[in-house]
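What TrEMBL lists as signal peptide is 1-22. Annotated domain 'Cadherin' per TrEMBL: 69-149, 150-257, 258-371, 372-476, 476-586, in sequence order. Sequence annotations record features per position, and here TrEMBL assigns region 'Disordered' to 160-179. Summarising the annotation, TrEMBL assigns compositional bias 'Polar residues' to 164-173. TrEMBL lists 603-624 with the feature transmembrane segment.
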Amino acid sequence: MNFSTLLSLVLMLVQLWPCSLSTQNHSAQNTDESFTAARRVKRGWVWEPLFVTEEQTSMVPVYIGQLKSDLDKQDGNLKYILTGEGAGSTFIIDENNGKIYVTQKLDREKKSFYTLRAQAINRNTQLPVEPESEFIIKVRDINDHEPQFLDGPYVATVPEMSPEGTSVTQVTATDGDDPSYGNSARLLYSLIQGQPYFSVEPKTGVIRMASQMDRETKDQYLVIIQAKDMVGQAGAFSATATVTINLSDVNDNPPKFQQRLYHMNVSEEAPVGTTIGKVFAEDSDIGENAAMNYSIEEDSSGVFDIITDDETQEGIILLKKRVDYENKRRYSIRAKVVNRYIDYYFLKEGPFEDKTVVKISVEDADEPPVFTMENYVMEIAEGAMSGSLVGVVTARDPDDDNSPVRYSIVHSIHLKRLFSINEHNGTIITTKPLDREIASWHNITVTATETRNPEKISEANVYIQVLDVNDHAPEFPKYYETFVCENAVSGQLIQSISAVDKDDSAEGHHFYFSLAQKATNNSNFTLKDNQDNTAGIFTAKSGFRMQEQFYFYLPILILDNGTPPLTSTNTLTITVCNCDTEVNTFYCRYGAFMYAMGLSTEALVAVMACILILLVFFLAIIAIRQQRKKSPFSEKMEEFRENIVRYDDEGGGEEDTEAFDISALRTRTVMRTHKPRKKVTTEIHSLYRQSLQVGPDSAIFRQFISEKLEEANTDPTVPPYDSLQTYAFEGTGSLAGSLSSLGSNMSDTDQSYDYLTDWGPHFKQLAGMYVSHRSVGD
């Protein structure tokens with residue numbers, strides 16, 4: 001086996017059994033004895049791991065081991081060379097004998113081993129005598145780190161009353177030392193503060209309950225845990241952690257009433273739903289474990305009720321029925337409270353409920369009168385005379401003083417006109433006869449008022465039914481439009497009739513039909529009573545002629561079964577129609593209308609034809625007139641469209657020369673036909689001559705007119721047609737002078753205006769005003 005093979009085998013052994021190798025050399029780590037790290041196996045190196053203790057300090061290099069080749073004959077021909085991690089700085093080798101020294105302080109937590117390479121070469125040839133081989137130097141740990149609780153401080157929660165041994169939480173500490181070597185990283189947990197309520201497992205750090213604890217006594221505990229390395233031996237490092245343990249609530253306490261007896265009062269005037277009072281039960285638990293429900297026991301009267309206020313956990317006692325001081329003045333009820341959510345684990349501790357007694361006293365009050373009935377139903381026959389008795393209502397004062405009562409009707413004015421009430425005894429009478437067919441029921445409200453205290457008022461409803469009396473005779477339900485054809489045969493049914501009665505019959509209506517006495521000998525029609533409140537009208541002969549008689553009036557007698565029976569005569573109008581045996585209602589109505597107008601069919605057709613001809617003629621005249629008016633108007637509109645330019649632009653006055661472009665008026669659209677300008681020279685000269693008559697013959701004025709004329713003729717932006725332009729110009733040397741009064745030192749009375757008459761006709765009116773004014777002033 002060569003040198004390289006032996007080194008590889010040693011490396012494998014170091015990797016597979018590091019603990020065994022470390023243990024094997026552990027006994028020699030504290031000795032200064034040198035050891036040889038190689039042994040001879042044929043030609044090669046056999047390596048065992050080299051160890052150095054961390055924190056090993058010295059002023060001189062410390063020997064840790066020796067390398068030796070089996071080819072070394074101790075003659076100084078071999079030279080040992082060390083390379084790899086820390087070679088030459090942390091580790092040095094004696095090149096003559098292969099001894100290895102450490103020169104620096106090592107920290108296992110920073111680097112736990114070093115990999116180096118060894119080689120032996122011939123000093124003379126500088127050639128290796130053995131192949132280069134790799135080996136490892138391990139740093140042995142010492143206890144130089146304290147334990148640490150990385151997750152502290154801890155907070156845990158456990159239900160109150162948990163049994164002994166219940167796990168609360170687990171704390172864990174870490175140690176930076178090597179856990180595989182010695183006891184430096186082996187921790188031991190202990191409890192410094194928290195006895196006798198809690199305990200901790202020494203090896204795992206699990207905190208457990210040591211006894212049952214009640215949250216209502218104390219709800220929070222502070223526990224201190226210590227962790228020591230070196231299994232707690234002397235010289236060990238330690239660390240502590242704080243654990244805050246909160247006890248969560250469980251429903252282990254029943255509710256308790258604050259009082260065993262409650263006294264309350266209620267007025268007999270209190271309405272249903274009035275709050276009478278409140279009861280309260282305390283529960284040491286919190287949250288939903290303190291939620292409770294209230295109820296009432298042993299209250300057969302059903303006068304009171306109790307509800308739970310979920311916010312305040314109070315029981316609110318309410319009035320369920322009205323109370324009466326004169327009837328019962330005291331009540332005693334039993335209120336019960338029970339937890340809403342019960343933990344059955346604690347039921348063995350007893351029932352989670354409590355009871356108390358509530359005594360309620362009824363207070364007397366001045367009550368309004370009380371009617372013997374809330375609703376009265378009365379009857380009266382229709383048509384009863386005014387002042388007839390309808391019924392009596394009665395009310396009394398329930399109080400001990402029994403105050404007298406005054407009655408009145410408080411309803412619509414209409415009902416007051418029908419009924420009145422005696423304010424002393426409550427007797428209701430009619431003020432006018434009643435008609436059932438107008439209203440079969442009347443609803444009135446009667447009030448009863450204490451005479452001693454008018455504010456005490458009560459009401460009662462009175463329903464009055466008007467009983468029917470047979471006072472309406474039967475009649476036709478509608479107007480019958482009956483026709484009979486001229487070709488009708490004898491015995492033909494031409495109309496079925498029925499009847500109605502406004503009266504009400506308890507047994508149901510039954511009507512009897514017959515012809516009136518004056519029509520019994522009628523030879524044209526007959527009547528048959530069907531005995532089912534209907535009857536049929538039949539022809540008594542064949543053939544009818546319109547020319548002879550157009551209408552037939554048949555009086556029919558209808559009798560009811562009322563008490564007493566009433567009879568009415570109803571007339572059926574039968575119209576003869578020009579038809580066969582079957583009646584065409586539309587055609588017959590048309591014939592009846594024509595007959596009423598006194599026109600025949602031929603005459604009506606002629607009238608309609610004339611009206612149609614006149615209408616057509618009138619429309620033709622209107623169309624011709626419209627056609628005549630159309631052409632001239634169209635030509636004018638066409639001319640307008642060609643010559644009128646519409647624009648909607650508001651300028652800024654005479655000084656605004658940029659508001660619009662007047663050249664738009666000279667567009668091609670407008671100037672389709674070029675018209676020559678009129679010669680206005682003659683007119684200009686005429687105006688010029690007239691202007692000379694007003695003032696002096698001034699060359700400046702003539703020059704001004706000439707310039708404006710030339711400017712208008714040559715300006716391309718002026719309107720396209722001839723126009724009259726007027727200019728105001730005041731020349732020099734005017735005879736009138738200045739008309740301004742500025743600078744004048746004379747009043748109007750000191751001036752003479754006679755010279756105005758010399759200025760010409762243009763100033764004639766002005767001269768007349770001032771001259772006349774002067775004359776009047778004088």
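Cβ from N, Cα, C; glycine included.
In TrEMBL, annotation is done automatically, which means it is predicted and not curated.
Here the structure is a predicted model, which means the values were calculated and not measured.
Helix, strand and coil counts from DSSP across the compositional bias 'Polar residues' (164-173) read 0 helix, 4 strand, 6 coil. Secondary structure counts, DSSP: the domain 'Cadherin' (476-586) has 5 helix, 46 strand, 60 coil. Break the domain 'Cadherin' (258-371) down by DSSP state and the numbers are 10 helix, 56 strand, 48 coil.
Counting residues per DSSP class in helix, strand and coil order gives 3 helix, 46 strand, 59 coil for the domain 'Cadherin' (150-257).
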